[in-house]
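Here is what TrEMBL says about this protein:
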TRANSMEM  B:20-40  transmembrane segment
TRANSMEM  B:46-67  transmembrane segment
TRANSMEM  B:74-95  transmembrane segment
TRANSMEM  B:101-121  transmembrane segment
TRANSMEM  B:133-152  transmembrane segment
TRANSMEM  B:198-217  transmembrane segment
TRANSMEM  B:250-270  transmembrane segment
TRANSMEM  B:302-324  transmembrane segment
TRANSMEM  B:330-347  transmembrane segment
Amino acid sequence: MKGNLNLIIEESRTLKAIARNWAFCFLIFFIVIFSFTGKGFLSIVNFQNIIHLSVIAIFMAAAETFVIITGGIDLSVGFVMGLSSVTAGKIIQILFAAGNLSVGAILLTGSVIALVVSLIPGLISGIMIARFKVPPFIATLGMWGITNGIALKICKGFPVASLPDELTKIGNGYTIYYKEGSGISWFSLPAGIANDQIREYLRLIPISFILLFIVIFILRHILNNTTFGQHTYAIGGNEDAAIRSGINVQKHLIKIYMLSSFIAGMAGVFNVFQTGIGNFTTFGAMYELFAVAAVVIGGASLLGGKGRLLASVVGVLLIAVLENGLLISGVEPFYRYIAVGLLLILAIVIDQLFPDLF
Amino acid sequence: MQSLMTQKNKDLLLRIGKQWAVIFFVAELIFFGLTAKGFFTVNTFQIVLFFGTAIMLMAVGELFVIITGGIDLSVGYVMGLSSIVSTKLIVAFAGSGLPELGAILLGILITLVLGLIPGMINGLLISRLNVPPFIATFSMLGISHGVSELLITEGAAKNLPHMANVIGNGHFLYFAQESGFSFFVRPEVARGVKVFELLPNVVVMTFILVAIFAFVLKRTVFGVHTYAIGGNEDSAVRSGINVKNHIMKIYMLSSFLAASAGVIYMLKYVTGKADAGASLLLDSIAAVVIGGASLSGGSGTVWKAILGAVIIAVLETGLRILGIPTFDKYIMVGVILIFAVLIDQVFPETTYKDKE
């Protein structure tokens, strides 16, 4: 039966494409289903919200994709994000309170320092994994504890508040504001609009989309079109062969973990812009596990050598659409945990049935 | 002569490397003994064990899984789920007119049996469908979290009968000057007379469970097979071990121990919470690794895993006495965890010898 199925799929190109992109097909399927069951699901505003709220998860999944392709795992991304968010928040808070600099300079300084800081956990776990052969699971689990502790120490267990309002204006802003009659205005509402009039405007393309597209485009380019990306796949496919063909595997792995940590740091900085405060990561958030789930749903293998960046993004969107759709359809939100669990198992079973597809 | 000396030095170094966890533990005790006021008292040690019960139980469960070369991420939320299930059951039983003790015992029994189910599903996925343990147990983490939240939508898990509090926060042995020793029941004494409380009930329960599973791992065929599978799965299959069945039992065992940790949480805090064990994932794996087990399977012992758990529990209590915020605990556990693995790399033979 299994053999037959494999054969049929082998023969038909369309079926092969469907099986390979089953997560994408599921995404379309869910969107169609929820369009019928959930009132207001099928609207531009809702889709914009879904993507805007999954930017952080997409960053995490992108970070995890690189690591998983090399056959490793990075459990620290969630808390590195918290660390970066709290660091950026704290620096912005201090500079803002001092009041010497312009708001733009303050935000820039905070973001840059947080991004630089977020390279450090990756550097340390990379060195441990590459040079000292510590299993990635343990090295990054250790970093999980360390970054969480440091983030909590910086913010003393409370979110970092009283930051400039400009943060959320940028983070939750839109590129286009449109109202019939008064025309289009770019990046900000026309002057002199009261708060209750905002709803009259059609708001399109959140600024976060631009960031998201730039980051994903660059990362995809790195993974698909550069030697760095090729080496990443080579190491995941067969580390010995990669060493023999002259790749500096140790150095490459350190770079991979630094990249993963840096992307998590970007998610942290974005988190400050989105929420307007510096948030530490709670234990219940489990960003790292949802990121791994999304990557696996996207067809990557935990053994390494397989994985596509856009497929991981689809994995995140699938989880997000499921969550949003269930909520709008009036199903209790905690079913999302169960749904994600079932999706994951499905992903693995599909992977087991058709091992040659991906 | 020279070479003999260096050989001797090397042996000594190896022996120290092998026992570094013990040395670290002693150093930890000395450090807190010197810096934390009132650290060396019977009471403090009882508190350490009292708060360490969940880590100890989950570390033993995780140890079995890690010896076979797997990992169980679901333990924390299975613990939370079982704390909620047991609370709900006991409240329901007590409400239906059962005596308090009967309701508690029946509730605990049913919870422990139900606690086997997540492990059974994990085991089925891992052994029959070849799902990687990381993914299977993560799915189970999500599912048990979801079910927990589902159970508390109609109301929080609380209002346990008073007896639960008496059991959970009571002690096995009481001693008072005038009435002598008494078991379980706190003697009635005049005001101002000091009653010594020894051996918290939950600690006694934990030790009984740990002792049983230490025996299972060390002295039974089940234990031998566990090491065999972790050492080399192929040869285990060839030597006639039913590996699939065994793996299933291992995950059921881990989930059973997580469920008992949940029951003990319920007795201690007289409530059920979905994220009762959320932060214990790091602790339980760290305890096992500090105890010298290798994540690639085949090595580890129960008493060393318990030592790892106690090291973490002492750290937690010691820092609390010093008044240092618990945030530092996470940093230190992380550092010790990495340190443990680095030592493991420097003295590779040591963990291998531990198998015997």
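Counting begins at 1 with the first residue displayed.
Glycine residues also receive a Cβ, built from the backbone N, Cα and C atoms like all the rest.
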I'm a bit unsure how to read this: which one of B:46-67, B:101-121, B:250-270, B:302-324, B:330-347 has the highest number of Cβ pairs shorter than 8 Å with the transmembrane segment (B:198-217)?
B:46-67
Using Cβ atoms and a strict cutoff of less than 8 Å, what residues sit near the transmembrane segment (B:101-121) while being 6 or more residues removed from its termini?
74, 78, 81-82, 85-87, 89-90, 93-94, 140, 143-144, 161, 163-164, 167, 248, 251-256, 258-260, 262-263
Taking a Cβ cut-off under 8 Å, which residues six or more beyond the ends of the transmembrane segment (B:302-324) line up next to it in the same chain?
21-22, 24-25, 28-29, 31-32, 35-39, 44, 47-49, 51-52, 55-56, 59-60, 62-63, 210, 213-214, 217-218, 283-284, 286-293, 332-333, 336, 354
The transmembrane segment (B:74-95) and the transmembrane segment (B:250-270) contact flag, 3+ Cβ pairs under 8 angstroms:
yes
Report the listed stretch (B:133-152, B:250-270, B:330-347) having the maximum count of Cβ pairs within less than 8 Å of the transmembrane segment (B:46-67).
B:250-270
Against which stretches of its own chain does the transmembrane segment (B:133-152) lie, if we need a Cβ under 8 Å and a gap of at least six residues from its ends?
65, 70-74, 76-78, 80-81, 84-85, 88, 118, 121-122, 125-126, 251, 272, 274-275
